[in-house]
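Annotated in TrEMBL:
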- 1-108: region 'Disordered' (REGION)
- 10-19: compositional bias 'Basic residues' (COMPBIAS)
- 94-105: compositional bias 'Acidic residues' (COMPBIAS)
- 121-162: region 'Disordered' (REGION)
- 138-150: compositional bias 'Acidic residues' (COMPBIAS)
- 307-360: domain 'PSP proline-rich' (DOMAIN)
- 325-401: region 'Disordered' (REGION)
- 362-372: compositional bias 'Gly residues' (COMPBIAS)
- 375-401: compositional bias 'Basic and acidic residues' (COMPBIAS)
């Protein structure tokens with residue numbers, strides 16, 4: 001069986017080993033030079049079938065001591081023949097240009113370049129090794145927080161704010177005027193200061209539509225607007241009746257008559273007496289209703305009833321008709337007022353039948369139209385008449401209240 005054919009790399013390795021052995025035998029007594037290893041690494045090596053075997057001449061003791069051993073020159077070959085072509089036999093694990101560099105660590109020349117070779121090997125290892133992100137840990141990271149030590153769960157900022165927020169009842173108990181406290185005052189940064197500012201005199205309130213999500217005056221779109229009404233002093237001049245009569249007359253006119261009026265209109269249809277106009281604007285004119293200081297307009301304010309001219313305890317004829325109170329009869333709540341006292345908001349109010357005598361024609365008693373139980377003193381005795389004066393067909397009586 002024939003021996004397997006050697007590849008190019010195997011032939012190169014075998015040739016290099018033979019050259020190293022020959023050089024080691026020749027240059028053993030010599031001191032190694034720094035360029036020895038570099039010349040070995042950079043020297044081109046030709047294939048064994050192109051090179052001739054190097055012959056060494058051995059010197060005998062009879063030869064002169066000055067004669068130094070020299071390496072036989074290699075056969076002269078062309079540069080094209082020495083060029084090594086990459087073939088399928090060249091592996092990727094070989095050195096540069098397909099050469100496999102075998103350096104013996106026991107070689108004394110290798111000691112000088114050992115640090116340099118280590119640096120190249122470290123760079124290759126660093127390139128192959130994957131780079132991992134360095135994570136730096138602080139010494140304070142392992143320190144447990146106060147909540148973890150106590151075992152209590154950490155509350156969010158919103159929950160901590162809710163725990164420190166006062167309720168409406170607590171805020172009303174802390175301030176002097178609890179009537180002005182509103183439900184949204186507790187969510188302010190300083191509720192006490194806010195209520196104190198609102199309690200000051202002549203302080204203009206914040207418009208109430210600040211907290212509404214809908215647009216301002218957006219709820220008035222579907223409301224029918226009431227027709228404009230002239231002031232009373234202008235309506236008394238009769239201008240509205242005259243205008244209605246003129247409009248009614250224009251509706252009855254034909255198209256031809258309307259065209260004639262456009263060409264030659266008649267003047268003086270709505271003329272009013274000068275004296276009547278003078279009295280209306282200089283004698284009977286009234287001031288328009290204006291908002292008071294500090295009042296802010298809000299939606300639906302113009303449709304509300306003005307309560308400024310109302311007085312507590314006085315019932316108008318329209319109110320009596322609405323409640324079904326006959327003339328001379330007391331209001332239906334008088335019996336409860338006699339039992340529990342006057343209203344707390346008006347402790348000094350004089351109410352007929354309670355702390356004032358009944359009106360003329362009224363009598364005490366629980367019969368229909370009666371004014372209930374007469375007022376008594378602390379000993380439950382009826383208040384006696386203080387003074388009685390009799391006149392002709394009249395009797396005046398004064399009660400001590």
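All positions are counted from 1 along the displayed chain.
The backbone N, Cα and C atoms fix where each Cβ goes, and this holds for glycine too.
Automatic, uncurated: that is what TrEMBL annotation is.
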Same chain, outside the compositional bias 'Gly residues' (362-372) by at least 6, Cβ under 8 Å from its Cβ: which residues?
326, 328-330, 334-335, 338, 352-353
Taken over the domain 'PSP proline-rich' (307-360), the model's mean pLDDT:
87
Mind checking how the domain 'PSP proline-rich' (307-360) divides into helix, strand and coil residues in DSSP?
14 helix, 2 strand, 38 coil
